[in-house]
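For reference, the structure is listed below as structure tokens.
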Amino acid sequence: MKIPSQQVLLALPLLASPAQSYPGKHPRCSAGDACWPKEHVWQDFNSTISGRLIRTFPAAAVCHTAQYDAAACSVAKERWTDSFWRTNQTGAYSAILWELGEKGQCFINTPKEDRCDQGIVPYYSVSASGVKDIEKAVKFADKHDLYLVVKNTGHDHLGRSSGSGAFSIWTHNLKGKEWHKSFKPKGAPSNVSGIPAVTLQAGEQLLDVYKAAAAEGVTFAGGSAQTVGAAGGFMTGGGVSPFSHFYGLAVDNVLEVNLVTAQGKAKTINQYTDPDYFYALRGGGGSAWGVITSVTYKTHPKPTHIRVGIAQLNITTEDSRRVVIEKTLQALPDITEAGWVGYGVYATEKSNPTAFQVIFLQPNATMENFNKTFEPMNEIATLPGVTGGAVSYVFPDFLEYSKNFLRDPNIATNVIDASRLVSRQVLTERARDLVDLMFEYPTTGPGFNSIVKVNSDERDNTAVHSSFKNSRALISFSVDWADNASEKEKKAAKKTSAEVSKRLAEIVGKETGTYLNEASPYEPDWQNAFWGDKYARLLSIKRRIDPKNLFVCNRCVGTDIILEP
């Protein structure tokens, strides 16, 4: 594909200001800078990757004058909140915030003549078809000192896969699944036995993997989403799963990673080829460690069934709301220690008659187990001013459960989270403090992105925060704003997110971390909250494998890019 030079020139005025430079930090070359490669240089590079260079625009650009396409605009409007559609667009992200940035405008339902800014969507992207494309792209970025980002599906809560004036490597189209009856990592000693596994190319998405796993008769410990990439940031961030109680986090199941390094070389990383690098990849976060091309995971036996428990507690008097929230918080540790994994939301606003909703699941659980475990929920429902209770459903496998309950929430919104892992002690002894925080910030949608006692047998062998060992849930507070919100309104919401992070840290203890894939992009104590005492080791590994700091992203190990509220 040849990109007309006049198209580039016309687009340049639409750019937001170049990537921020920080005093004393490494200034990278962004679109609009004098150091940005000339058009003929880009065209020469494009010829080496079979025309896979894409001039990238925000998802709504097809509905505005410069890039207007009536047919494409109609599809975009129809499928604007469809996560399957958005992951197939080079310039689309799950959150509009990471397309438009602080001041950008390019909205889907505004008149054709309205302005459409570049925002923080990368200026150029390489739609990688294989390892060679990625090797060439990394070397090109290194040669020209470009601001380089890596994008898979764009499900990124921390804004790590976009950047103003950046050059992007897009791995979404790397597809392929290979199921192994007996897999041995490269370099493993002869006495190491092979185990069942699956090798997933970077672009594979969770729902497709679940469908294939069902056909293979195995279980894959992926996340609670449909379109999230199974072999990208989900894994490097830890990867909480509905099966984490039994099989741990996604990183605990990783046997091997194939990637392209900062030197533009393809490598296979596992516990035998490079133990430190393998440690960093399993929980070190974001794209700080290279461009992942495939991941090999353990697989597990298929359960006989999936039992689901759903509880809903409604209030008929407002005085009951605090009581319901506090008592359910205190009940959660026993439920998850009995092997149930769940997701729940609280409502503190007076207009909502439902105080608490939660869904749990457990493979192979019996009805007797359900009745005993959820008895506290039914007891809460008998309190004055409270109705509801818990019910159970059974599905033949996880795929059938997925068809009924798996969704991709908050698509095409501006939602950001503030979160912390919480222990049994916090849930039982500091429940009232958590309730007070919920009522202090009633519009933040408090809830649990996961309720799970994680199997942490591998915790010391991965970079994931050690507080997962004692956690029983991930409590989260979310803020959002309308696309057309004022700059003042946006800043207020972001500051609220940062404030809640601080308050949560005070309640749970500053030594307690969070799940970095669902953390605040403005987390003030990010090194400690994401990795704790593991950060020093990670930084040392980062300096060895990426001495020029080519791979950078917001609040990633060794980064000099720190987004501020």
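The backbone N, Cα and C atoms fix where each Cβ goes, and this holds for glycine too.
The structure displayed is predicted, hence computed values, not measured ones.
Quick look at what Swiss-Prot annotates:
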type	residues	note
SIGNAL	1-21	signal peptide
CARBOHYD	N46	N-linked glycosylation site
CARBOHYD	N88	N-linked glycosylation site
DOMAIN	118-302	domain 'FAD-binding PCMH-type'
MOD_RES	H155	pros-8alpha-FAD histidine
CARBOHYD	N191	N-linked glycosylation site
CARBOHYD	N314	N-linked glycosylation site
CARBOHYD	N364	N-linked glycosylation site
CARBOHYD	N371	N-linked glycosylation site
CARBOHYD	N484	N-linked glycosylation site
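Mean pLDDT for the domain 'FAD-binding PCMH-type' (118-302) in the predicted structure: 98. Across the fold, the C-alpha of N364 (N-linked glycosylation site) and the C-alpha of N371 (N-linked glycosylation site) stand 14 Å from each other. Between the CA atoms of N46 (N-linked glycosylation site) and N191 (N-linked glycosylation site) there is a gap of 47 Å, rounded to the nearest whole number. Geometry remark: N88 (N-linked glycosylation site) versus N371 (N-linked glycosylation site), CA distance 43 Å. There are 13 other CB atoms within 10 A of the CB of N371 (N-linked glycosylation site), with all protein chains counted.
If you draw a 10 Å sphere around the CB of N314 (N-linked glycosylation site), it holds 19 other CB atoms from the protein chains shown. N191 (N-linked glycosylation site) is 58 Å away from N314 (N-linked glycosylation site) when you measure Cα to Cα.
Put simply, H155 is the one of the recorded positions H155, N371, N484 whose Cα lies nearest to the Cα of N191 (N-linked glycosylation site). Most other Cβ atoms within 10 A: among the glycosylation sites N88, N191, that distinction falls to N88. In the three-state DSSP scheme, N314 (N-linked glycosylation site) is classed as strand. In three-state terms derived from DSSP, the residue listed as 'pros-8alpha-FAD histidine' belongs to neither a helical nor a strand segment and is classed as coil.
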